[in-house]
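Student: First the structure, then my questions, so here it is.
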Amino acid sequence: MKLMLALDVMSKNEALKIAEETKDFVDIIKIGYPLVLSTGIEIVKEIKNKTNKEVVCDFKVADIPATNEKIAKTTLKYADAIICQGFVGKDSVMAIQKVAEEYGNKGAPKKVIMVTEMSHLSAVEFLQPVADDLAKMAKELSVDGVVAPSTRPERLKEIKEIVGDIPIISPGVGAQGGDLDKVLEILGDNDYVIVGRGIYEHNNPKESAKHYKKLISKN
Ligand code: O7E
């Protein structure tokens, strides 16, 4: 199982410092609006240069196909993968997949990761009722990864069963209180556990990353 660092800090120096300190224990780095809006998209290049890791842009893109296409082009010029919402429907996701195909090459294909059910409390209001259908759509579209919650292991399991061998990317352990032991029983070698605050807010991010890496590597 792999560790994805959610680097949601707001300063370039802090981001680069934590990325470098934790790089031996982190498999891939996810950044999103907090860091990119604070520093600019060029931060992707700087993180990649410092760490030699793949960088995923978590923009949870959720627009009409024509706008999704533009966002994907700007993002995938820099990043290795982009995260989108599935609830906007097939054509919006496919517009991003088309850009990923165009911008990738054989050695470094660009990836599209799609959100199904989110990890926060209110995800049960509107997203959970349609999440199984979103997971089925993700499978039909053969996306490169599916986001499902560590905060609700029973739902994580159900979504994993639907998507089969598509890698799961799961947030919610650490600050959001997800039970890592239960998550480890469900996820497999190709899946990712996301940890953000549990690492970057720790007084020793390197030790925390090492700790999480050790825990998930036991399985
Ligand atoms: O709670 P933390 O600090 O460990 O951070 C979790 C990260 O995962 C943070 O970047 C948040 O935006 C993201 N996330 C969720 O917490 N819940 C979700 O349902 C989805 C995501 C997410 O990253 O979606 C794309 C992978």
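Keep in mind that glycine also has a Cβ here, set from the backbone N, Cα and C atoms.
The active site, for OMPdecase activity feature in TrEMBL is assigned to D58, K60, D63. Among the features that TrEMBL reports, active site, proton donor is placed at K60. Positions annotated as substrate binding site by TrEMBL: D8, K30, 58-67, S119, 171-181, 196-197. Annotation source TrEMBL lists domain 'Orotidine 5'-phosphate decarboxylase' at 2-212.
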Student: Measure from the Cβ of G196 (substrate binding site) and count the other Cβ atoms within 10 Å, all protein chains considered.
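Tutor: Neighbour count, Cβ to Cβ under the 10 Å cut-off: 21.
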Student: Mind checking which of K60, I64, G174, G178 has the fewest other CB atoms within 10 A of its CB? They're the recorded positions.
Tutor: I64
Student: If you compare CA-to-CA distances from G174 (substrate binding site) to each of the active-site residues D58, K60, D63, which comes out shortest?
Tutor: D58
Student: Inside 10 Å of the Cβ of S119 (substrate binding site), count up the other Cβ atoms and send me the figure.
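Tutor: Result for S119 (substrate binding site): 21 neighbouring Cβ atoms inside 10 Å.
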Student: Can you tell me the mean pLDDT for the domain 'Orotidine 5'-phosphate decarboxylase' (2-212)?
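Tutor: Mean pLDDT across the domain 'Orotidine 5'-phosphate decarboxylase' (2-212) comes out at 98.
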Student: Near ligand 1, meaning Cβ under 6 Å from any of its atoms: which of the recorded positions D8, D58, I64, G178 fit that description?
Tutor: D8, D58
Student: By a simple count, how many Cβ atoms lie within 10 Å of the Cβ of D63 (active site, for OMPdecase activity), its own Cβ left out?
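Tutor: That number is 16.
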Student: List, in sequence order, the same-chain residues at least six positions removed whose CB sits under 8 Å from that of D8 (substrate binding site)?
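Tutor: Listed in sequence order: I31, G32, P34, L35, G196, R197, Y200.
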Student: Considering only the binding-site residues I64, S119, G178, which residue has the minimal Cα-Cα separation from D58 (active site, for OMPdecase activity)?
Tutor: S119
Student: Let me check the 10 A CB neighbour count of D58 (active site, for OMPdecase activity). How many other CB atoms are there?
Tutor: 27
Student: Express the distance between the Cα positions of G178 (substrate binding site) and K60 (active site, proton donor) as a whole number of Å.
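Tutor: Pair distance, Cα basis, whole Å: 21 Å.
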